[in-house]
Amino acid sequence: MKSILEQNEGNSNDTIASESTPLLAGGNHAPTADVQAAEATSARRESATSTQSKNTSSSQLNSNESTIIATPPSVSQKERPLPVRQILLLCFARLVEPIAFFSIFPFINQMCAENGNLEPADVGFYSGLIESLFSLTQMAVMILWGRLADRFGRKPVLCISLFGVAFATALFGFAQTIWQMIVFRCLAGIFAGTIVTIRTMFTEHSTSKTQARAFSWFAFSGNLGILFGPLIGGVLANPAKQYRGTFKGVRFFEEYPYALATLATGTIALVAAIVTFFFVEETLPSSSRKSGLSKNDLEAESAADEPIDNEGKYKTTWSLVKAPGVAPVLYLYSHNMLLAFAYTAIIPVFYYEPISLGGFGLSSRLISLFMALTGAAQATWLLLVFPPLQHRIGTGGVLRLCAYVYPLFFIVSPALNALLRQGSHRGKIIFWVIAPILLCLGVGVSMSFTAIQLALNDVSPGPKTLGTLNALALTLVSGLRAFSPAAFTSLYAVGVSKQILKGYLAWVVMVVLAAGFSVAVRWLPEKAEGKIDDDRGHIDEEYSDQPQR
């Protein structure tokens, strides 16, 4: 695993990590400065230093100038490898959020039915509601976590968040009413702001030649969470019934049938918190860069750091949205994630529903195995296929390919149900042969998740706005994840209960949305295409006249 991280790091098209981030970590998208830009920057910094140091000696002035005048990054700095140990530790911490989110999927329907005495047709609404509340509370606190990380450091915020997720997730298995489930799920969402801090630390650990590979591992670890989350939930849920020989008669597991699964998830989060506390390094640069400077030094550096490019005009969120290429990519980002959230919301219910109502009629264990299989397939696509494919056809090429496959992928599940509805032995054999293959091939659309993140980086006006742009995108995505599970599971429940389109109503809507994404992706801005020239990196860069920091 370590060797894979270190190889082929020169194939990425991403940007160098910014050394100063106002809100979240941002990549420096300015290519190497030309001579005129470097001279202009040096002159400006010299002027700022002279203003702040009128009463200092000549030697002090020279010392200050040598400290604050920016120089282009050295070759060794631009080509430094990924810090493998830190990346692996952050990948472990990255596992926690998707495990906490997806681990309840195999048993959430059964748990809602038991705790609320619900009819089968009503289960989908309440399970979707509980899933949505996790993301809604996460959205509400995401920017707060980012600001706390900017003020107090990445590591302490990450540790607190992981400890909180461990506690709240473990509590969920002890809920015995729908209201208790809602409260505990919201509590977990409050602490699930880890993704903001971890994404920041990934960016600050990477350079222009390693950031794409770093974010491939970021996505890979997230998909490992999708793999392990349902597996843990399905295997450990209701042990008194699943493993009668071992847990039969154990009163605790009979009274709290889902506690073992949530305690296991909480333990993983707790271990991640402890590992982070002892071994993960702080990446916030301001604490170390400015600790030894005097007041005059800080004022001089602040004056010298004033932007000379066009980033200064993007001081508000609205002005940033109106920047060239930003709005279309934000829309594509949101549309893409809406498709993903819709699928992940209804697929557990679809697996659970009887064949006659339009589902697969699988047990909790088979649901967990199916979801684990597709999670492993997603990880494979992201880690092994995406980097070379993106290098060959560019970010835009990957996005368009995934967009064209999306409608076909959504057609597969109802088509397989139609096969099972025939009730023939031959149909069942065909199902078990082709279903895993088709689902594993279809989840290749997950490459669009990493591709759209790279496109978002590419359309940022510059390094000082990338953090705000990422915060805006994550807030939009969290908002979508807050309502989309409830909306689509409700739509699915209506279609199943009334047998609209033979129970395929939700799938038809999703195919239409996927077709819309296939059309919308044609308007991807040219600067977000992410095509690579082997000799000099990006072919097109709008901000080629900006100096490197």
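We count from 1, first residue shown onward.
Cβ atoms are placed via backbone N, Cα and C, with glycine included.
Record features, source TrEMBL:
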type	residues	note
COMPBIAS	1-21	compositional bias 'Polar residues'
COMPBIAS	48-64	compositional bias 'Low complexity'
COMPBIAS	65-75	compositional bias 'Polar residues'
DOMAIN	86-528	domain 'Major facilitator superfamily (MFS) profile'
REGION	1-75	region 'Disordered'
TRANSMEM	87-108	transmembrane segment
TRANSMEM	123-145	transmembrane segment
TRANSMEM	157-176	transmembrane segment
TRANSMEM	182-202	transmembrane segment
TRANSMEM	214-236	transmembrane segment
TRANSMEM	256-280	transmembrane segment
TRANSMEM	330-351	transmembrane segment
TRANSMEM	366-386	transmembrane segment
TRANSMEM	398-417	transmembrane segment
TRANSMEM	429-456	transmembrane segment
TRANSMEM	468-492	transmembrane segment
TRANSMEM	504-524	transmembrane segment
With the greatest number of Cβ pairs under 8 Å to the transmembrane segment (366-386), the stretch among 87-108, 157-176, 214-236, 256-280, 398-417 is 214-236
Close approaches to the transmembrane segment (87-108) from elsewhere in its chain (Cβ under 8 angstroms; 6 or more beyond its ends):
1-2, 5, 127, 130-131, 134, 158, 162, 165, 169, 172, 188, 192, 194-195, 198, 201-202, 205, 214, 217-218, 220-226, 228-230, 232-234, 237-238, 258, 261-262, 265, 268-269, 272, 275-276, 279-280, 344, 348, 364, 367-368, 371
Mark yes when the transmembrane segment (330-351) and the transmembrane segment (504-524) have three or more Cβ pairs under 8 Å (sequence separation 6 or more) and no when they do not.
yes
Given pairs 6 or more apart, does the transmembrane segment (157-176) have at least three Cβ pairs under 8 Å with the transmembrane segment (256-280)?
yes
Can you tell me which parts of the same chain pack against the transmembrane segment (182-202), counting only residues 6+ beyond its ends and a CB-CB cutoff under 8 A?
21, 24-25, 86-87, 90, 93-94, 96-97, 100-101, 129-131, 133-138, 141-142, 144-146, 149, 154, 157-158, 160-165, 167-169, 171-172, 174-175, 214-215, 218, 280, 283, 467, 470-471, 474
Verify whether three or more Cβ pairs under 8 angstroms connect the transmembrane segment (123-145) with the transmembrane segment (214-236), leaving out any pair fewer than 6 apart in sequence.
no
Give the one range among 256-280, 330-351, 429-456, 468-492 whose Cβ atoms make the most pairs under 8 Å with those of the transmembrane segment (123-145).
468-492
Sort out the residues at least 6 away from either end of the transmembrane segment (330-351), same chain, that have Cβ-Cβ distances under 8 Å to it, and list them.
102, 105-106, 108-109, 123-124, 127-128, 131, 230, 321, 358-360, 362, 366-367, 370-371, 399, 406, 410, 413, 446, 448-449, 452-453, 455-456, 472-473, 476-477, 480-481, 484-485, 488-489, 492-493, 506, 510, 513-514, 516-517, 520-521, 524
